[in-house]
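Enquirer: Could you have a look at this structure, given as structure tokens, before my questions?
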Amino acid sequence: MKVVVGMSGGVDSSVTALLLKQQGYEVTGLFMKNWEDDDDDEYCSTRQDLVDVASVCDVIGIDLEVVNFSAEYKDRVFADFLREYEAGRTPNPDILCNSEIKFRCFLDHAMQLGAERIATGHYAQVREWINDGRSEFQLLKAEDGTKDQSYFLYRLNQAQLAKTLFPLGGLYKREVRKIAEAAGLHVATKKDSTGICFIGERPFREFLMRYLPTKPGEIRCLDDDRVLGEHQGLMYHTIGQRKGLHIGGIKGNQDEAGEHEAWYVAKKDVKANVLYVVQGHDHPALLKDRLLATDLNWIAGRDPRTHWVYTAKPRYRTADMPCEIDALGEGRAEIAFATPQWALTPGQSVVVYESKVCLGGGVIV
């Protein structure tokens, strides 16, 4: 069986290709170039990543293909990213990149190369099972809970999962590095990439200012509406943000120890261009026990059961929280949590699970 592996130059995708080759698959590596604006930028690692991929493919003994999806990325991912920030929301472009680029453009290209499956270095698992006499594919959490990436894959569908392999889903990160080291892959100790793929390690505000001009407005206290300062643009702030407000010297509420409590972003009024803040991490305005989600994707192709207790992540790297789902139709649902959740953020994704199975999710309104 021919498998095309999406390779980034990191240890995860490198070991993915290695394991599949060892298992007898006909493997081809494919390097995707998804961003061109910063080819000569100090933060851009694309050239070195391609060098690393070529070296790994040479050691493993597989062919390498290079494809440029920059135009598709700008149209399907980056344009949405800018629209969301302009609207005062906080999007997660990595989720859209997965569904639109890595598991659509890449998948289509791999099929044109004659592949029967694609594979990536994501920490997740795919399971095929028979439901009412029909074959169905489930997305499961990875064995390594600290690296699980199912949250970022919730927008995948049955057709995409049916063609996808996740060889690292049953492994721990330390095992992956050991496998790479034993095989003589120089990327065994390479640092994991962080941040949004097209931003890399650069300061986020600096990057965003290149595409969205500053739009100063007032910072107001949500409790008494007094003006506390000025912001340079609502897009530079997110719900629950504490740092970078430049109002720390303004006193107000005190905690039990007599210390003045920190200010947190609680609300954005896009029409008035006002940023509202509150004092104290546990201020009631930062705690909500329900949310409205839209643009829903249920991996099985059907709504989950109503009045059934599931769990959900309202952001990445948070614990799964018990909840109930009320499907409202037209791609919307209300999710009610058993306990109040902190800083629910419009634009972020809420992802629903039943035990280890990722059911899907949507975007917080």
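Yeah, the Cβs are placed from backbone N, Cα and C, and that goes for glycine too.
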Enquirer: Would you identify which residue of GLY114, GLY121, GLY133, GLY145 Swiss-Prot lists as part of the ATP site it also attributes to GLY6, MET7, SER8, GLY9, GLY10, VAL11, ASP12, SER13, MET32?
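Expert: Record check against Swiss-Prot: ATP site with GLY6, MET7, SER8, GLY9, GLY10, VAL11, ASP12, SER13, MET32, extra candidate from GLY114, GLY121, GLY133, GLY145 is GLY121.
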Enquirer: Highest Cβ count within 10 Å among the binding-site residues GLY6, GLY10: which residue is it?
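Expert: Per the Cβ count, the most surrounded site is GLY6.
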Enquirer: Among GLY6, MET7, SER8, GLY9, GLY10, VAL11, ASP12, SER13, MET32, GLY121, listed as contacts of ATP, what is the widest Cα spread in Å, to the nearest whole number?
Expert: 16
Enquirer: Among the recorded positions CYS97, HIS122, GLN348, report those whose Cα falls within 10 Å of that of ASP12 (ATP binding site); none is a fine answer.
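Expert: Close recorded positions: HIS122.
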Enquirer: Using DSSP with the three-state reduction, classify GLY6 (ATP binding site) as helix, strand or coil.
Expert: strand
Enquirer: Which of the recorded positions listed here (SER8, GLY10, MET32, CYS97) have a Cα atom within 10 Å of the Cα of HIS122 (site 'Interaction with tRNA')?
Expert: none
Enquirer: What does DSSP say about ASP12 (ATP binding site): helix, strand or coil?
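Expert: The residue in question, ASP12 (ATP binding site), is helix (DSSP, three-state).
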